[in-house]
Each structure stands twice: as structure tokens, then as C-alpha cells.
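Marked as transmembrane segment by TrEMBL: 91-109, 115-139. If you look up TrEMBL, you'll see 178-220 marked as domain 'RING-type'.
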Amino acid sequence: MRVSRKAKQPLNVNACGCRKVEAPCNDWIALVKRGGCSFVTKVRNMQESGAIAVAIGDPDHQSGWITMYAPGDTSDINIPSVFLAKHEYKTLLYLSKIVDTPMMIVLQLDHFITWPLLDILMMIFISPSIIMIIVYIVWQLRRKQRKRQQVAPVGFVSKLDIKSFDLKKLKENEADECAICLEAYATGEQLRVLPCHHDFHTTCVDAWLTTQKKFCPICKRDITFSYDEEKIEKARLIEP
């Protein structure tokens, strides 16, 4: 941040900025020390006193920068504010007393930024949670992909042959009951015929093929094996 205005303390009697003060000049920057009241109170008081910015310094502690939190509504504050470490505050305070002309203030990041304890704790607790969420999402996507590869598309299954069961025309080697639900076929009932020529109740085998496995429940043959893979994938893509 570069500022070409004079940084001044409000008044020696109110160096904390906890009360409004008389502006020492036009377009001034308030240099106040930490303590006595909240950060937002200091900034609000200095704004109402005519300051165009506020620099809050820590005169006692050797710790680095901290994040200035402001609970509640701060929409009425329009001026920028910054927190200064002890050595920065002391330097500006000294210069404001010996230099009587406008100064160019340049704030630069240190080579090693000292994170406040709260930020470090937040990173420690939040980072594993974020990683776990990402891992869970990836696992779910891979699980759905594997499941999708293990079942047959609804559009593909619905196009398989259907026949009407007739007990009178039943051949010796043909089944008279569904191998899935183990219930006997009734004359006129619609049966789904798989490519391996095994038949089942339509509702039974459709549910099996689209939610469990794409294999015949009897011979374990992949019902999509003998079909063009491009057609199978096309049927899978149009599946809702």
C-alpha cells in the first residue's frame, strides 16, 4: 500500500483512537495504538474524525501481523485500515514526530509471514475436512462408474426380445418358471428372452440386469457381449 499523506496520531491523550478527535489536518491518516477498545471502534471513530485511513499498531508485543476481525455490521466504514507490528508502528510513530512534510508509506510483505494462531488453527482443522470431502467425492464417482460398467443400460435391455408364454407350446427343455422369483409362468405372461435364449419374467430380469449384473442369472453370460459395443455405449448415453 502506498500513501502520500501524513500519518499522524489523533492526539496524545487519545492515542488509542477510542474517541473521536479533532482532525490535525486535511487528508490525514490516523496512527493509533492497539488496546482500549475494539478495532472497529477505532476505525469508526477515526473515520468520523476525518481520517482517510487508519493504521493500528501494536506497541507492546513482538508478534507479527494479525487479522482484525469486526463482528457486527461494518457497512458504514468506508476507509481502509491496516494492522502494524511493533517495529512498524514504532517506526511510523517516530517519523510522524520528526518529519513535518507528507511521507510516502510503503508496506511490503516480509519474506516469512507470521500467521496468527487463529488462522493456523483454522487451516489445521479445515484442511483435513476438505481433503476428506474431495476423497469421498472421488470415491463416489469411481463407485458409480464401476457400477455403471457392471450393469446393462435400461435402453439396451428394453430392446431385448419378448415372448408370450404358452404352456401348451412348452418344449421339453424349456423352463416353466422364472429362475429369479421362482414363480411358475402363467399362460399369456410376457417373458424377456436374453441372447443366451434363457427367459424370465420381464420385471424380474429387467431389474436384475439394470441394477445388479449384466449377466444372465442362469448361465452367467454377458448379455452385451455379442452386440456391437458402439450400440451398447449409445444406449448407455441416452439412459436417464
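Including glycine, each Cβ sits where the backbone N, Cα and C put it.
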Legend entry - Averaged pLDDT, computed only over the residues in the domain 'RING-type' (178-220): 90
Inset, instruction - With DSSP as the reference, give the number of residues of the domain 'RING-type' (178-220) in helix, strand and coil. - result: 10 helix, 9 strand, 24 coil
